[in-house]
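Enquirer: These came from TrEMBL, pasted as-is:
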DOMAIN    9-125  domain 'Response regulatory'
MOD_RES   ASP60  4-aspartylphosphate
DOMAIN    135-199  domain 'HTH luxR-type'
Amino acid sequence: MMDGTESLGAVIVEDERMFSEMLARSLIDVSGLELMARAYTAEDGKAVCARHRPALLILDLALPDGSGLDVLRALVSDRPDATAIILSAHAEDFVVPGELKDNIAAVISKADAYGAVNDHVRRLVRAYVPNVEDEAALIERLTPRELEVFNLLGEGLTNRGIAKRLSRSATTVATHRKMIAVKLRCSGAALMAMAARHRAHYAKIPS
């Protein structure tokens, strides 16, 4: 159960102020979500993300001074486990950049934004601070190699760092990570948080 001490920190970057306000209001009752700040331009978005380092970025793709993806790239360079929900008037045409595929949880049309974002955020919150017993049961489904990769994620290592530690290719590690995400029903910040909790829990057990 959520104990009230953990929450999923989020930032909204959206240039349409009324839309941003309505989006924030639609998320206000999501238990476990902490809306840290809102920004209206790419430049301000980068500054806000550098200040707050949110686990979740809800962001418009088209900003007046640049692409929303530049904001996400800046955040990911500082926090590789960050997760983003992308908002776009042309969501069906958006192609996820390869280097951000592990960070983008959803691409949502602005026409469906309020309900769809709310649903995705609730799922991310549940994954980020899940029921401990349910979490343990999911982790038991991992193979020994997947568990090894999962534990290294808990140390904060990137795919490349894990590949170096295990003397495996980054492609192999990425494949393991995808399977881990499927089995544990989460990715990005939520997956990294789960791995860190798992590692911290077993570090407390006497050898």
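Each residue, glycine too, has its Cβ placed from N, Cα and C.
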Enquirer: So what's the average pLDDT for the domain 'HTH luxR-type' (135-199)?
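Expert: Residues in the domain 'HTH luxR-type' (135-199) carry a mean pLDDT of 90 in this prediction.
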Enquirer: Please list, for the domain 'HTH luxR-type' (135-199), how many residues fall into helix, strand and coil according to DSSP.
Expert: 51 helix, 0 strand, 14 coil
Enquirer: Around the Cβ of ASP60 (4-aspartylphosphate), how many other Cβ atoms lie within 10 Å? Please give the count over every shown protein chain.
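Expert: Result for ASP60 (4-aspartylphosphate): 26 other Cβ atoms within 10 Å.
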Enquirer: When DSSP is mapped onto helix/strand/coil, what comes out for the residue listed as '4-aspartylphosphate'?
Expert: strand
